Structures are given as structure tokens and as C-alpha cells.
Amino acid sequence: MSGCPFLGGTLQLLSSNPRQAEEEDGSQGGVNKAAKGGIIYGDYLQLDKVLNAQVLQSEQKGNKIHDEHLFIVTHQAYELWFKQILWELDSVRDLFIKKHVRDERNMLKVVSRIHRITMIFKLLVDQFAVLETMTALDFFDFREYLSPASGFQSLQFRLLEQKIGVADHLRVPYNRRHYRDNFHGEESETLLSSEQEPTLLQLVEQWLERTPGLEKDGFNFWGKLQANIEEGLKREKHQVEKMEDTEVKQELLEDLNKQMETFTALFDSKRHEHLLSKGERRLSYKALQGALMINFYREEPRFQVPFQLLTALMEIDTLMTKWRYNHVCMVHRMIGSKAGTGGSSGYHYLRSTVSDRYKVFVDLFNLATFLVPRSWVPKLNPNIHKFPYTAECYDSSYNSCSSEDSD
């Protein structure tokens, strides 16, 4: 018999007794609580405001352009996600500022919130693909209605850069002016106020400086590492010098000399200060030591969560660079080499911001330069081997073993 294959016993809901069939259907066993009053979905999310915030300038001017709606919604979505990133970032900074990270059990909270920021940034990087469904000609149709509005005027993105720790003196000037000059009134005051607060970079730096095991009168990681590396390089050079004179021997000696120069510079505090003044390093000398120690001992229980944090911070830098790059590519595709709607050089200005000048945790990336064979890494003493909340008691950089209340 031909007909619908679903007209079998499973459709007994359409039987002569619909009430009985409904009672037997488990999917209908809930209760409609909305009928009893209280806040409902649209009110909770204030959708009347959100969904009515798309005002097309082309329509206001009597020439409604379809793709302007996509342009507005996409940028509003960016701003909402920026707001969430700032929410997470401020909470992490607060945990550091109030010294809750001295109780290392709170570090998992820090890592998970930083990880959430990276997940949001991944979404923001991918979101450009939606905007790129619009062609350059589609954008041209309504671009004239945008001026002098510009993405550079995004207060939240400037706050995000500032709070993470983008160095003010390394920023590329915007039309030969300080970036803050593009903001006025309350927005300018908000930026000024934010600049007085410690950045995530500064807070992480202070935390790294307290890494257990850096104390010269304790484990003295740095001193032991320097001695081990110098001895290791000396042994390697001795082995190479015993080889027959060949091109391979010469190459190995040149490589060893470069390594020696690299590590001589690493253990030279004055050299580090010089690189700091040039903006080539961002962390203090002691903080760099802490970061390298965490990398070497990342498999130890004490250092596993700190290593996850350093990895997540590098991921933020990576994703922000990808975001800038995708933005540059999109702008180049949409307007070519034209000036931006806000008056900047457009593509050329944006391209100049895709560099290490805007990387906050560049020192963490450069740690790979200083990796050595595991046999050269100093062996940990039993105290540092202990789990986080017990090891804190043996760490002279902490004043006590008491935990503090956390948010």
C-alpha cells in the first residue's frame, strides 16, 4: 500500500481520544510557569531596546540600503562581546589586585576566566567571515552615510587594549595624535581613569616575581640554571672541538657561539634593562625568571595551573593579532587604499598596528629561545614539589599560609 511511511502506530496521537494521547506523551509533561507571572525572556534581555537599536542611516536619508543592517548588527555584536571581555578582564584584575591569587586555589578561577576571553576572541576573529559576505560595492553603497564614524572610536576596544597592557609609548600615532585625543567628555575621562589602574601585564608581572624558588637564599633557581647552562655549553664546545676540522665542525662552533651570546645576554640584568627601555621586553627581570621557571617545571603539580595561565595569555595576544590582521584584510578588500571614514589613512594605518608593538606578553613567546635540555634544568627540592596549597607555607615570598576570601 502506497502512502506516507509514517502513518503507522506511532501516530496514535491523532486517535479519537486526543486528551489521552496528550497525557501519554512525555514531551508535554511540563508546566507553563510564564502564565503565573514574573519576568519573561524578552523583558529579562531587554530585547525591546536591543532589537530596536539598528537605525539605518541610509534609510534616514531616504535611500535604504539592505546591507547596512548587517554592518550595524555585526558591529553591535562586536561591542557586546567586548563588554563581556572587559567584564571577565576586570574580574581577573580584581583577583590580582586584592591579592586573592596568594591563595593558589583561586588561580583556577583566573585561568578559566582568561580561557573564556580567548574563546570569545576566537568567535570575534571568525565573525569577520559574516561581514565579508558583503562585497566592496555593497559597502560603497552606504559608506558615505558613516563619516565621520570610525571603528577607531570604539571606546571599549581602547579600554580593552589599555587594561590588558598595550604600551602607550609603543602605539602607532593616529594622524600624528595620541589615541585619547579622539575621545571627549565622559569617554575621555573613562580612558584617563582606566590608565591609572594596574594593567593585567603589571599584575601578572608582580605575580611572576613571587614565583617560589627564585629566592637567592632559598632554591636560587636562576643561579643554578646559569651554572648548569654554562657548564653544559662548555661540555658541548669541548666535544665539538675534538672533532676533525670540517665544515660541519665550523657550523657547530658558530651555532654554539650564538647560543653562548644568547645566554650571556639572558643572565645580564643590565642588558635586560636596556631591552626594557627599548620596548623589546615588557616583563621585569625577576618576572622573566619566574616565567622561565614555570615553563621548565610545567609538569610539576605546583606549576601546572600557572603554566596554563601563561599559555592562555599568549593565546590572547595571538588572537588579538589575528583580529587586527583580519580587520586589515577586510578593510583593504572593502575600501582599497582610500582614507578611513574617521580620517585616518585607512588600510595603511591599520597595517602598521599588526606588529609586536601591540603584543603585550611578547616575553612569553620569546621564552622558547632559552629552552635547554631537561638534564640542564636544576632539580627541584622537596618543598617546591609539594602541592600548591601546602607548598605556599614553604615559600618565603608569601607572608602566611592563610587563605583570603575571594569573589
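Every residue gets a Cβ built from N, Cα and C, even glycine.
Small disclaimer: the values here were computed from a predicted structure and weren't measured.
Residue environment of Phe71 (substrate binding site) contains 19 other Cβ atoms, counted within 10 Å of its Cβ in all protein chains. DSSP assigns Phe71 (substrate binding site) to a helix. Annotation source Swiss-Prot lists substrate binding site at Phe71, Ile72, Val73, Thr74, His75, Arg143, Thr341, citing sequence analysis.
Here Swiss-Prot flags His327 as heme binding site, drawing on sequence analysis. Counting only same-chain residues six or more apart in sequence, the Cβ atoms lying under 8 angstroms from the Cβ of His327 (heme binding site) belong to Phe128, Gly151, Leu350.
Within the set of binding-site residues (His75, Arg143), the lowest number of other Cβ atoms found within 10 Å of a Cβ is recorded at His75.
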